[in-house]
Amino acid sequence: MRIEEQTASVAGLPAEPEKATLEGKNKILGFWFFLAAETTLFATMIGTYLALKGETMNGPTPYELFKMPMVAFATLILLTSSLTSVLGIMGMHANQLKKLLQWFGITILLGAVFLGLEVYEFMEYAHEGHTFTSSAFGSSFYLLLGTHGGHVLFGVLWILGLMIQGRKKGITVHTAPKFYVASLYWHFVDVVWIFIFTVVYLMGMIP
Amino acid sequence: MATLIVIIVFALFLGAILTGGYNREYLERMQKSWIWQWITTVDHKRIGILYLLAGGFFFGVAGLEALLIRIQLMFPDNQLLTGDFYNQVLTMHGTTMIFLVALPLLFGLMNVIVPLQIGARDVAFPFLNSLGFWLYFAGGLLLNLSWLFGGAPDSGWTNYATLALNDYSPGPGINYYVLGLQIAGIGTLISGINFLVTIVNMRAPGMSYLRMPLFTWTTFVASILILFAFPPLTAGLFMMMFDRLFDTKFFAISGGGNVTIWQHIFWIFGHPEVYIIMVPAFGIFSDVISTFSKKRLFGYNSMVFATVLIGFLGFMVWVHHMFTVGLGPIANTIFAIATMAIAVPTGIKIFNWLFTMWGGRIRFTTSMLFAAGFIVTFVMGGVTGVMLAVVPANLQVHDTYFVVAHFHYVLIGGTIQGFFAGLYFWWPKMFGTLLNERLGKAHFWLFYLGHHLTFFPQHFLGLFGMPRRIFTYMKGYELEMSNLLSSIGAILMTAGVLALLYNIMLTLRKGEPAGSDPWDGRSLEWAISSPPPVYNFAQIPRVRGLDPWWLEKYEGDGTLKAAEPLGPIHMPSPNHLPFLMAMSFFISGLGFVFHSWQVGFLGLIGVAIILFVRSFEEDHGYHIQPDEWNGVES
């Protein structure tokens with residue numbers, strides 16, 4: 001057991017348990033770098049979408065396709081989930097495991113609802129002849145949205161795993177960086193969605 | 001699927017035969033074997049050696065491919081490798097050299113040396129370090145398996161769309177390219193993040209950014225380039241993979257796709273990539289030249305600034321690979337000027353190296369010979385680079401041997417010579433023995449003269465109009481002499497590399513012991529024993545200036561000052577999960593290559609399971625009590 005953990009068990013949890021150990025600090029910094037890398041991944045996909053969105057091959061155009069009310073609702077849900085993950089981290093800082101687990105639970109629930117809406121939306125589009133292989137517009141659309149959706153799914157499973165860990169081990173200087181990093185990830189996925197919402201959906205509303 | 005099970009059973013069987021049958025101690029015996037220890041190691045020095053071994057192996061493979069190419073082109077109308085097979089050899093030579101040789105060899109040196117130079121006990125993420133290596137190795141192996149099963153990729157290392165799509169490249173070749181590079185690319189990204197966090201967070205007290213040795217600085221800049229350049233490649237490879245496997249329309253004209261997008265994405269990655277493998281070599285040369293001139297590096301701050309500027313400009317010039325695409329005069333002009341601007345920071349570096357040598361007490365060891373030779377070669381490669389940046393000239397020599405000559409001058413003159421300089425320089429630190437200098441000099445002269453003989457005539461071949469990637473040429477166009485000279489040069493280079501191999505074997509058998517500081521070094525790695533103990537520094541050192549070890553030797557009392565009391569040292573435990581995860585990725589990749597979705601998804605599920613196992617694992621590591629007599633000063 002290292003010195004940081006010893007003090008933690010004697011004097012209670014430090015104020016910012018995620019940054020109390022060098023491992024924790026490394027993890028957080030490394031994750032920021034990882035998010036920077038992800039930014040260019042999504043930038044490439046958004047760029048490709050912008051270049052190819054006009055190539056519908058006589059299929060439905062973005063303007064004909066997108067159902068704004070549902071997408072706006074999904075956006076609202078995802079943005080709310082960002083807030084609930086912050087509340088979870090506040091629970092962690094207050095050393096209240098129950099609060100942390102509750103808010104994280106709500107977060108992944110909202111994430112799952114978002115995914116459900118997205119799957120429903122894609123099925124609707126497929127009915128109208130807009131699929132992954134129908135046109136270059138379709139391919140670039142589903143690559144971008146699918147990569148984002150895949151990130152949401154991964155986040156849901158990841159945070160679920162962390163909640164199980166949290167129940168078993170509680171909030172320690174070991175587990176705190178994991179919760180913190182997962183919430184960073186969740187915010188990032190949200191920020192990407194804001195860009196997708198603007199570039200794909202709002203700009204798609206221009207006939 | 002069935003093949004897979006057969007292979008797994010066979011591997012278990014083989015393990016049992018080699019270690020004495022199945023019984024209760026089977027697992028235990030396997031864990032004690034040296035192979036298992038190397039597979040599970042998380043020590044940065046051992047992982048560095050693994051990188052050197054794997055990179056060296058692929059260097060041999062890609063080098064043989066180069067030799068075959070040159071033998072084919074030695075005489076006009078030669079029939080040794082023709083048509084498709086020539087294309088495969090050519091593609092695999094380029095792809096292997098760039099992705100599986102240049103970067104991993106440099107990664108090997110970085111892994112061993114950077115933590116030592118900043119006074120750290122290990123990298124920030126030992127587990128990820130191991131994972132990065134095994135992913136790279138799995139990707140490289142997958143790519144090279146194509147030779148045995150189904151034919152190698154054959155559309156050039158740039159893999160341009162249309163040619164690389166199913167219509168023109170049926171068969172699994174390009175699938176190997178896409179999936180092999182995808183897996184190796186994930187490994188590279190992980191290693192890049194690891195180096196960044198290591199350099200930001202793990203520096204010893206007093207090792208401020210502007211006291212870091214140049215090799216550490218260039219590793220830092222190269223890692224930033226990796227961070228921003230590899231994800232676009234990932235995205236592009238996904239598109240290529242989906243176009244080939246799932247019939248999407250990213251690059252398929254019939255579905256509204258656009259082939260230029262692949263070119264943009266590839267070069268947005270590809271140009272930074274060549275700087276990723278160039279910049280660390282600059283760092284090696286800086287350390288080598290200042291050590292063997294017995295002077296501190298001339299213009300240290302401007303050197304750092306130039307490195308950062310080169311890294312930044314590296315992202316601004318990708319279109320100079322695409323001047324003939326027809327993006328218009330404005331785009332071409334902007335990118336031409338940006339390209340020429342890179343000559344400025346590069347020129348700063350060249351002059352700094354010259355001024356470092358100026359008035360120094362120069363010792364021409366093998367390492368220094370490679371560094372000094374590099375300056376000449378690289379200036380020549382740089383000049384042809386600026387020539388190629390001139391758009392009208394570029395339109396004339398695009399896709400000719402002039403381009404081939406240019407990039408071999410910078411890549412062999414820079415990266416490969418940089419690696420050799422670093423290998424002779426740091427070999428004693430890694431293994432505790434000195435490489436033979438006589439053989440080293442034979443290696444240098446054979447390789448260096450061979451290089452110029454190979455590639456200098458190629459400038460003229462290009463100007464005479466010989467296109468690249470063509471498997472033969474006819475008599476009577478004045479191409480015979482230059483091609484013959486070029487091929488003889490390639491044989492000389494091979495002889496040089498064989499001299500290195502012989503040197504390594506000789507040194508491993510009975511090398512001259514090196515001692516901790518054979519070159520009168522300047523940075524922290526020379527302050528500890530060779531090879532270093534597993535914890536590197538018994539006490540984390542306190543750094544008091546630039547070139548800290550030189551400072552302590554010549555202005556202090558010859559010992560490093562400690563920043564902490566002597567005490568038990570915490571070490572991470574070895575872990576087998578990185579290897580398993582790379583294997584899962586490998587299986588998944590192999591499945592997708594052959595359109596077998598079950599195997600593909602089975603591998604990915606394996607990856608997910610291992611992620612969860614790792615997340616739930618608690619690694620408490622172990623403690624070492626350092627040997628006080630083998631401590632900081634040694």
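Here the Cβ of each residue, glycine as well, is placed from N, Cα and C on the backbone.
Annotation source TrEMBL lists domain 'Heme-copper oxidase subunit III family profile' at A:29-205.
Feature annotation from TrEMBL assigns transmembrane segment to A:29-50 (among others). Within the same chain, residues 140-141, 143-144, 147-148, 181, 184-185, 188, 192, 195-196, 199-200 sit at least 6 positions outside the transmembrane segment (A:29-50) and bring their C-beta atoms closer than 8 Å to a C-beta of that stretch.
With a threshold of 8 Å between CB atoms, the same-chain residues lying at least 6 positions outside the transmembrane segment (A:70-89) that come near it are 99-104, 106-107, 110-111, 113-114, 117-118, 120-121, 152, 179-180, 182-183, 186-187, 189-190, 193-194, 197, 201. Under the heading transmembrane segment, TrEMBL lists A:70-89 (among others).
Outside the transmembrane segment (A:101-120) by six or more residues, the chain places 70, 73-74, 77-78, 80-81, 84-85, 87-88, 91, 145, 149, 152-153, 155-156, 159-160, 162-163, 166-167, 179, 186 with a CB less than 8 A from a CB of the stretch. If you look up TrEMBL, you'll see A:101-120 (among others) marked as transmembrane segment.
Annotated transmembrane segment per TrEMBL: A:140-164 (among others), in sequence order. Cβ atoms under 8 Å from those of the transmembrane segment (A:140-164) belong to residues 41-42, 45-46, 48-49, 51-53, 78, 101, 104-105, 107-108, 111-112, 114-115, 118, 122, 130-132, 175, 178-179, 182, 185-186, 189, 192-193, 196, 200 of the same chain, restricted to positions at least 6 beyond its ends.
What TrEMBL records for A:184-206 (among others) is transmembrane segment. For the transmembrane segment (A:184-206), the residues of the chain that approach it from at least six positions outside its boundaries are 28, 31-32, 35, 38, 42, 46, 49-50, 53, 62-63, 65-66, 68, 71, 75, 78-79, 81-82, 85, 107, 111, 141, 144-145, 148, 151-152, 155, 158-159, judged by C-beta separation under 8 angstroms.
For the domain 'Heme-copper oxidase subunit III family profile' (A:29-205), the model's pLDDT averages out at 95.
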